[in-house]
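**Student:** Structure incoming, see below.
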Amino acid sequence: MPEMTPAENAPVPDTLTHVRADGSAHMVDVTDKPVTSRSASARAVLRTREDVIARLVADDLPKGEALAVSRLAGIMGAKRTSDLIPLCHPLPLTGVELDLDAHDDVVEITARVRTAGLTGVEMEALTAATVCALTVFDMIKAVDHLAVIEDVRVLAKSGGKSGDWDRDVAAGAKGAASANGAAGEPS
């Protein structure tokens, strides 16, 4: 894997790209951007009870095979991101993978999305992870309506003008920067 650049070293634009000078929102014109290979990964965590996780893993829930259905829902979510997020460009996704790790009282969901396109796939990765988590919630709510979806975040991205970024590398840089008295990881 190529070395990732921490977010605090990436150039920060002076303005938001989706907002015009008058404050109105618009879809960014990416016509002149080159097509490049891009990828992103994101995660979401669903927290429930250990007995629910046991039933989830055993496919012993009223609605059936929750993990398989949720994985497919996450893939569908990634493909429909531009229909859900108003200013996202529709992208030709070349791959979507979801890993669901059910253990203890959690389901850890990791989504990886790839494209050869004009803009990044961070939103598609976030949508895949969250739609998957929402579907797990839907599948278990009959046995635990108090389940919680948490820790939704982009883990890494590669490609495009802003380069590569990895949360773990950035967090390591934050730790090193904090030891030297510098500012921490941006929000």
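Using the three backbone atoms N, Cα and C, a Cβ is placed for every residue, glycine included.
Sharing the record's features from TrEMBL:
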ACT_SITE  D138  active site
BINDING   L87, C88, H89, M123, E124  substrate binding site
DOMAIN    27-160  domain 'Molybdopterin cofactor biosynthesis C (MoaC)'
**Student:** Report the residues of the chain - excluding L87, C88, H89, M123, E124 - with C-beta within 8 Å of the mean position of the site's C-beta atoms, for the recorded substrate site, in sequence order.
**Tutor:** T81, S82, I85, P90, L91, T119
**Student:** State which of the following recorded positions has the fewest other Cβ atoms within 10 Å around its Cβ: E124, D138.
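**Tutor:** Candidates: the recorded positions E124, D138. Fewest Cβ atoms within 10 Å: D138.
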**Student:** Note the mean pLDDT of the domain 'Molybdopterin cofactor biosynthesis C (MoaC)' (27-160), expressed as a whole number.
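**Tutor:** Value for the domain 'Molybdopterin cofactor biosynthesis C (MoaC)' (27-160), mean pLDDT as a whole number: 96.
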**Student:** Given the binding-site residues C88, M123, and counting only Cβ atoms in the protein chains shown, which has the most within 10 Å of its Cβ?
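**Tutor:** The most densely surrounded of these binding-site residues is M123.
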**Student:** Have a look at the binding-site residues (L87, H89) and report the one with the fewest Cβ neighbours inside 10 Å.
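**Tutor:** Per-residue Cβ counts within 10 Å for the binding-site residues L87, H89 bottom out at L87.
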**Student:** Under DSSP, is M123 (substrate binding site) helix, strand or coil?
**Tutor:** helix
**Student:** Tell me the Cα distance separating D138 (active site) from M123 (substrate binding site), rounded to the nearest angstrom.
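**Tutor:** Cα-Cα distance, M123 (substrate binding site) to D138 (active site): 22 Å.
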**Student:** Please count the residues of the domain 'Molybdopterin cofactor biosynthesis C (MoaC)' (27-160) that DSSP assigns to helix (H, G, I), strand (E, B) and coil.
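**Tutor:** Computed counts for the domain 'Molybdopterin cofactor biosynthesis C (MoaC)' (27-160) are 45 helix, 46 strand, 43 coil.
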**Student:** Whole number in angstrom, please: the longest C-alpha to C-alpha distance across L87, C88, H89, M123, E124 for substrate.
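**Tutor:** Those residues reach a largest Cα separation of 13 Å.
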